[in-house]
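Shown next, in structure tokens, is the structure this report addresses.
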Amino acid sequence: MGKDATRAEWDNPMQFVLACVSYAVGLGNVWRFPYLCQMHGGGGFLIPYLLMLVLLGVPLFYMELAIGQKMRLGSIGAWRAINPYLGGVGLASVVTSMYLCLYYNVINAWSFWYLFHSFQSVLPWAECPVNSNLTGPVEECERATPTQYFFYRETLDISGSIEENGGIHMGQALCLLLAWMIVYLFIVKGVKSTGKVVYFTATFPYLVLIIYLIRGVTLHGAINGVKYMFTPKMEQLANPTTWINAATQIFFSLGLGFGSLIAFASYNQYNNNFEKQAIVVSTVNSSTSIFASIVTFSIYGFKATFNYESCLERVRLLLLNTFDLAEDTISLENVNHWIAELNRTHTEQFASLGGRLETCDLEAELDTAVEGTGLAFIVYSEAIKNMPVSQLWSVLYFIMLLLLGMGSMLGNVIAVITPLSDLKFISRYMSTKTLNGLVCLFCLLLGLGFTTRSGNYWFTMFNDYGATFSLLFIVLIEVITVCYIYGIKRFEKDVEDMLGHRLNCYWKIMLAGVSPILLIALFIFYIVNYIQGGTPTYQAWNKELGKSVVTEYPPYAQAFIGLLLASSVCCIPLTALYTYCKKRNLASGKRERTVSTVSL
């Protein structure tokens, strides 16, 4: 397939690289990677992570860029051009990207909410609000923490379960509207406006991360967090889940299977050197994950140390008051020594302390990491509120989150819009601006469901089940198609036509052998894990306890999960069946016309 002279293009290769970096480097680098790093052996996790990058991430990234640049079409058109029966692969990518668009911008709405609330003399998540009787703090807030209360009650106004519905949270709905308006402005003129925006969305988060790193490592106790992150627990390498999570983190952080990379590459010049760009973007993405983890764990170490020393101070005061000791007798450094000493010398009096004596443990504080939105909006907020000039750090942090989220949203929306704009019946009757506006409006209206009182539970469902299974299947079909249906030799000729040299051994071995085997293993593991997991569960907020409790999804929610898992994957066989039936009908129609002509 030759070059489409009418197709819009990036102004220069740097715009394309920045668009890929802005898309690939997202919220997952800041919250999911640090969580996985902590869960699977700190520095030891980097071994499977970097191996999976080389064996799976970079080759598949390369393959998608090559397809987009060669075919110069969105995901649906590109796969249909490779094989008429495979248009469903692109359609499945569009459906998956649409699911992501629906809920991903909700995170940006939360970031706006927190950003707007940062411009206050006292951060609203720094202390509990006063109850309606003005007699003390709100009970729910006292049972939880001010940061949890602000997230669950003020930000989400969350219901007790997915079955308890409620009206739309107007503040959140307005923030979501603002988020979609900004996305629309970023993409209004297609690749021409997106190309300008990525200069900012791809680079500014790094500036904030560097500022945060300088601030983070100078915080009291930061070294405890960094040590905790890089202390390797090598026994985790024997755990298959560690390797699976390393592979899936690479997989999702690079944005494989969504169709965004194919869409981005379709606006490249035909002879653009995508090989070098695939290596650069993959390296930048993984380096950012490690860099962001150092920032996260330095701040997390500060929070854990602050909580640990606050606990020691409470114990110190309790011992001083109970045993009538001089003020300077017990310090934070010798609290544990005095606990043992007083327990030995004043056994009965010590026993009377009962449940009032807390157990202070720095390791336990560091162990209580929170995944996902909890890390981004609760843990970080808690650390920020204890920093000097907390408002400044809060504003910087949430601007960074917004830019990371918006950069990824550009890729998600373009993955939906590009294949649609390639369809002749749409491009004939609709301008780019109109199509982009309609897609954004459609996603906004459906996304309002996530701003209801039970919306966060549906958000979690989409996050857990909307993409994982379908992406594994889509990318597996992609790599099998390129290597064994389209043919590795034809693919090699296409690459030579674009780059002027053939595929080297690394790309061929990975794409034709290693990557498909790893993907099949991942796919099987996911299905087995899902079946063995039993009834799907979610974290429901219990205001009486002031914490989240594990709850089973009701039957209708389980049915919806099944629909989410199957809907995008079904596009592949159904489109193939439709194409087969259409060809068969055309063939039979031709035969009938031939017979009638002969009979005349």
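Counting begins at 1 with the first residue displayed.
Every residue, even glycine, has its Cβ placed from backbone N, Cα and C.
Here TrEMBL flags 12-31 (among others) as transmembrane segment.
Sequence-distant contacts of N29 (Na(+) binding site), defined by Cβ-Cβ distance under 8 angstroms and a gap of at least six in the same chain, are S253, N285, T288, S289, A292, L404. Look at TrEMBL and you will find A24, V25, N29, S253, N285, L404, S408 tagged as Na(+) binding site.
Summarising the annotation, TrEMBL assigns transmembrane segment to 43-63 (among others). Within its own chain, the transmembrane segment (43-63) is flanked in space by residues 36-37, 229-234, 236-237, 242-243, 246-247, 249-251, 254, 256, 261, 274-275, 278-279, 281-282, 286, 289-290, 475, 478-479, 482, 506-507, 510-511, 514-515, 518-519, which lie at least six positions past its ends and keep a Cβ under 8 Å from the stretch.
The transmembrane segment annotation in TrEMBL covers 84-106 (among others).
Per TrEMBL, transmembrane segment is recorded for 168-187 (among others).
The annotation transmembrane segment is assigned in TrEMBL to 199-223 (among others).
The transmembrane segment annotation in TrEMBL covers 243-267 (among others). When Cβ-Cβ distances below 8 Å are used as the criterion, the transmembrane segment (243-267) is approached by residues 7-10, 16, 19-20, 23-26, 28-29, 32-33, 36, 39-40, 45, 48-49, 51-53, 56-57, 60-61, 64-69, 71-75, 78, 90, 93-94, 96-97, 100, 191, 274, 281-282, 285-286, 289, 408, 411-412, 414-415, 417-419, 467-468, 470-472, 474-475, 478, 518, 522, 525 of the same chain, each at least six residues removed from its ends.
Long-range contacts of the transmembrane segment (279-300) within its own chain (CB-CB distance under 8 A, at least 6 residues past either end) are made by residues 17, 20-21, 24-25, 29-31, 33-34, 37-38, 46, 49-50, 53, 57-58, 61, 206, 209, 212-213, 216-217, 219, 222-223, 225-226, 228-229, 249-250, 253-254, 366, 369, 375, 379-380, 383. Taken from TrEMBL, the feature transmembrane segment applies to 279-300 (among others).
Annotation comment: TrEMBL describes 395-417 (among others) as transmembrane segment.
The transmembrane segment feature in TrEMBL is assigned to 438-459 (among others). Remote same-chain residues near the transmembrane segment (438-459) are listed as 98, 101-103, 105-106, 109, 156-159, 161-169, 172-173, 176-177, 180, 183-184, 187, 413, 416-417, 420, 430, 538, 540 (criterion: CB distance under 8 Å, separation of at least six residues from the stretch ends).
What TrEMBL lists as transmembrane segment is 465-488 (among others).
For the transmembrane segment (509-528), the list of distant contacts is 52, 55-56, 58-60, 63, 240, 244, 247-248, 251, 468-469, 472-473, 475-476, 479-480, 482-483, 488, 491: same-chain residues at least six beyond its ends, Cβ to Cβ under 8 Å. Sequence annotations record features per position, and here TrEMBL assigns transmembrane segment to 509-528 (among others).
Here TrEMBL flags 556-581 (among others) as transmembrane segment. Taking Cβ pairs closer than 8 Å, the transmembrane segment (556-581) reaches residues 84-89, 91-93, 95-96, 99, 162, 461-462, 465-466, 469-470, 473-474, 477, 535-536 in its own chain, all 6 or more past its ends.
Sorting the binding-site residues S253, N285, S408 by the number of other Cβ atoms within 10 Å puts S408 first. Same-chain residues lying 6+ beyond the ends of the transmembrane segment (465-488) with a Cβ under 8 Å from its Cβ atoms: 60, 63-64, 67, 79, 82-83, 86, 89, 92-93, 95-96, 99-100, 103, 248, 251-252, 256-258, 503, 508, 511-512, 515-516, 519-520, 522-523, 526, 530, 536, 561, 564-565, 568-569, 572. Listed by sequence, the residues of this chain that lie at least six past the ends of the transmembrane segment (168-187) yet keep a Cβ under 8 A from its Cβ atoms are 105-106, 108-110, 112-113, 116, 155-157, 193-194, 197, 406, 409-410, 413-414, 417, 436-437, 440-441, 443-444, 447-448, 450-453, 455. Between the transmembrane segment (84-106) and the listed ranges 12-31, 199-223, 395-417, the one holding the most Cβ pairs under 8 Å is 395-417. Same-chain residues lying 6+ beyond the ends of the transmembrane segment (12-31) with a Cβ under 8 Å from its Cβ atoms: 107, 194-195, 198-199, 201-203, 205, 249, 252-255, 260-261, 264-265, 267-269, 272-273, 277, 280-281, 284-285, 288-289, 292, 296, 371-373, 375-376, 401, 404-405, 407-408, 410-411. Close to V25 (Na(+) binding site) in the fold, though at least 6 residues off in sequence, lie A202, P205, S253, V284, N285, T288, L404, G407, each with a CB less than 8 Å from its CB.
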